[in-house]
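Undergrad: Handing you a structure now.
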Amino acid sequence: MSEETKSLNFLEHIIEDDLNSGYSKEDLRFRFPPEPNGYLHIGHTKAIGISFGLGEKYNAPVNLRFDDTNPAKEEQEYVDAIKRDISWLGYQWESELYSSDYFQQLYDWAILLIKKGKAYVDSLSSEEIAELKGTPTQAGKNSPYRDRSVEENLDLFERMKKGEFEPGTHVLRAKIDMASPNMLMRDPLMYRIMYKSHHRTGDDWCIYPMYDWTHGESDYIEQISHSLCSLEFKPHRELYDWFLDQVVEESRIRPKQREFARLNLSYTIMSKRKLLKLVDEGVVSGWDDPRMPTISGLRRRGYTPAAIRKFIETVGVSKRDNVIDVALLEFCIREDLNKTAPRVMAVLNPVKLVITNYPENEEEWLDAENNPEDEAAGSRKVPFSRELYIEKEDFREEANRKFFRLKLGGEVRLKNGYIIKAESVIKDENGEVTEIHCTYDPLSRSGSGTEESMRKVKGTLHWVSVKHAVPAEVRVYDRLFSDEAPDGHKDKDYMEFLNPESLTLVNAFVEPSLKEAKTGERFQFQRLGYFNVDDDSSADKLVFNKTVGLRDTWAKQQKKG
RNA sequence: UGGCCUAUGGUGUAAUUGGUAACACAGCUGAUUUUGGUUCAGUCGUUCAAGGUUCGAGUCCUUGUAGGCCAACCA
C-alpha cells in the first residue's frame, strides 16, 4: 500500500507548528463539547470528525464533555442520544465528562476573581444591562454597581449561591472594559440565578455559570491543548484568553481556541432550533425521521458510519463559509453500499407480465449473484414462473431506439432469467395497460451456456414472480426542502420551502429471500437504488426505506428531452 | 458608524511557504456491462479587483469590493 502523503488542513498546520516549536506530542489533547439540548446532526459530525480525527491521527486522547450549564434546556435524553450517535460513528472518547463536574471549582475561581477586583455583582435588570452594553458601533457604559467593594461583592455572591435572591435580581460579571470594540469584553456575565433542577447536580445549585466562563476553564481543567470550535466563536477567543489569564499556572498546559467553518449542506437546514420545530410541529416523525439531517435520521435512512466519515474527510476543513452539495453525501453512501450491499429484486410500481408460452404450473429457481462487486457474497435462488411483475416504466407500447426496455415486438432480458419478446397488451377501460403478454426463449436462460443464452439484447429488466412475491411497504424519500438554501432567504421562512413530496409510501413486491431481512439490513434493489429495513418493519409487514437512488443517466437524458 | 474573519473552476478543498494552479464531487463525450449501476478512458472549467515589490505573486504590501460574524441572565 502506497500511502499518499495527504496535504494538511490549517488546523493540522497549527498543531505541526506547535510540535515543531517544542510542544510535546504527549501533551496533545482534544475535546468534543456538545450541549445536550438536541440531537447531533451532520454538521456536528464535522466537528466530531475534526477533534476525534486529530485524536486518532496524533494518538491523543479526546474527551466527550457535555456542556451542561443551562438546565433550562438540557436533558438526559439528549446525553444518551449523543453518546449513541458518536459511538455509532465509530469514535471512542477518553473520558465522559460534564461541565457541571466543575461547578465547585468554577465557583471557587469566581471568588478569586472577586477578590482580585476582576468580578462584581451587578444588580441591574437584564434590560438595563443590555441598555448599558451599547452597540457594536457605540461604546457601553459602566454599571452603577461596578465599583462595589470586594466585601460587598463576596457577601452578595455568597447569598446568590445560598438562594436568597430572586432570579434576575443579581448577576456576577467580569470587570473588563465597557468600551471594548468587542461586545463580549463589555463586562460579560459569569453567573445568573436560576432555580432549575439540573440533570446531574439536581438542586445543589441555584446559580449557573455562563458559557464563556465555563468553557475555557473546563478546557484548562482537562488540560486540553487545542480547543476547536466553529467560526462564530472567534470573537469569544479574546474573552476565553482573558478568563484563562486569571487562573493559569505557568507549569500547566494553556489551551488555545481555534475556529473552523461549520458545515452547511444544500437543500437542508442545520440549526438545532429549526430542526426541533420540524419535530414539534409533526412535519417529521421525530429526530430520527429518515429525512432529517441528524445522525440518527441518517442512520435510520440507511447511511453507514463509513460513508459519513468519508464524507467528512472529503469536505475538508477551512475558515471560509461553505455549502456542500448534498450530491457529495449521496456519492459517499453509494460508493460504500455499491461494494457492500447485496443485490435483490423488487418492483415498486408493478404491472403484470404473462409469458404465454411458459407452462402454467411450472416454477424454477434461478441462480442470482448477490453482488457483482464482491465474489465472496455468493449467490441465491430466485423463483421464476409464468406470471411476473415488472416496473410500469419499463414498458412502452412504442418507443424509439433509445428506449432500451420492453416495447411491443421488442426483446429484453429478464435479469438472471430469459430473453422475452412482448407480443400484446390488455388494457382497462381507461386505456391503462394492465397486462403485458410476451413469449420467452426457453434456451436463453442466464448462465445455461447455450448459444441463445449468450445473445446480446440491449435491455435487462428486474422482476418478481407474482406467485412468490412478498408485499412490502417502501418509503421513498425526496429532499425535505425544495430550495437549495431553505434558511438563506431574508424575506421567506424556511418552512415555506418544505417539499410536499418528501415522503411517498409505496406498496411494492419484493423477492421472497427478503422475507428474512432484519431491521437495519441494507440492500440494493437492482436498477432502483439502495434500501434498508426500517425500525417499523415486523415479521408480518416488511418496511423499507429508500436510502438513495442509483445514479440515473437515463433520467438525466429524459430530462434533457 | 466600530471590531473581527474570509475571498482559488458550478461545489468543496489543496499548492513543497515566492518557482508558473491540482484533487474530489457535479457536468459532458465515448468504451465495457445480463443493473441506463459499477468500472475504464477522455473532456469542460479556477486564483475578487486595481496598483505595487520581485527575474518570478494564488502566496508579500497598499487601496478597494463582496460575503460572514458580533448588541441572549443561550451554547
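From the backbone N, Cα and C atoms, a Cβ is placed for every residue, glycine too.
Below, the features straight out of TrEMBL:
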{"type": "BINDING", "residues": "A:GLU35, A:PRO36, A:ASN37, A:ARG262, A:LEU263, A:MET270, A:SER271, A:LYS272", "note": "ATP binding site"}
{"type": "BINDING", "residues": "A:ASP67, A:TYR211", "note": "L-glutamine binding site"}
{"type": "DOMAIN", "residues": "A:28-338", "note": "domain 'Glutamyl/glutaminyl-tRNA synthetase class Ib catalytic'"}
{"type": "DOMAIN", "residues": "A:341-441", "note": "domain 'Glutamyl/glutaminyl-tRNA synthetase class Ib anti-codon binding'"}
{"type": "DOMAIN", "residues": "A:460-534", "note": "domain 'tRNA synthetases class I (E and Q) anti-codon binding'"}
{"type": "MOTIF", "residues": "A:34-44", "note": "motif ''HIGH' region'"}
{"type": "MOTIF", "residues": "A:269-273", "note": "motif ''KMSKS' region'"}
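Set these features in their place in the structure for me.
TA: A:LEU263 (ATP binding site) carries neither a helix nor a strand DSSP state and counts as coil.
In the shown protein chains, 18 other C-beta atoms lie within 10 A of the C-beta of A:TYR211 (L-glutamine binding site).
For the domain 'tRNA synthetases class I (E and Q) anti-codon binding' (A:460-534), the model gives a mean pLDDT of 96.
Using a Cβ-Cβ cut-off under 8 Å and counting only residues 6 or more beyond its ends in the same chain, the motif ''HIGH' region' (A:34-44) has close neighbours at 64, 66-68, 70, 73-76, 78-79, 81-82, 85-86, 199, 262-265, 270, 272, 275-276, 287-288, 292-296, 298, 308, 329.
According to DSSP, the secondary structure content of the motif ''KMSKS' region' (A:269-273) in residues is 2 helix, 0 strand, 3 coil.
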Undergrad: For ATP, with binders A:GLU35, A:PRO36, A:ASN37, A:ARG262, A:LEU263, A:MET270, A:SER271, A:LYS272, what's the maximum Cα separation in whole Å?
TA: 20
Undergrad: Can you see whether DSSP assigns A:GLU35 (ATP binding site) to helix, strand or coil?
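TA: For A:GLU35 (ATP binding site) - judged by DSSP and reduced to three states - the answer is coil.
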Undergrad: For A:TYR211 (L-glutamine binding site), just give me the three-state DSSP call.
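TA: Once the DSSP labels are grouped into three classes, A:TYR211 (L-glutamine binding site) ends up as helix.
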Undergrad: Using Cα coordinates, what distance in whole Å links A:LEU263 (ATP binding site) and A:TYR211 (L-glutamine binding site)?
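TA: Cα-Cα, rounded: 22 Å.
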Undergrad: Highest Cβ count within 10 Å among the binding-site residues A:GLU35, A:ASP67: which residue is it?
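TA: Most Cβ neighbours within 10 Å: A:ASP67.
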Undergrad: Quiz question: given the binding-site residues A:ARG262, A:LYS272, which has the greatest number of C-beta atoms lying within 10 angstroms of its own C-beta?
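TA: Top count of Cβ atoms within 10 Å goes to A:LYS272.
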Undergrad: Using a 10 Å radius around each Cβ and counting other Cβ atoms from all shown chains, which of the binding-site residues A:ASN37, A:SER271 yields the largest count?
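TA: By the 10 Å Cβ neighbour count, A:ASN37 comes out on top.
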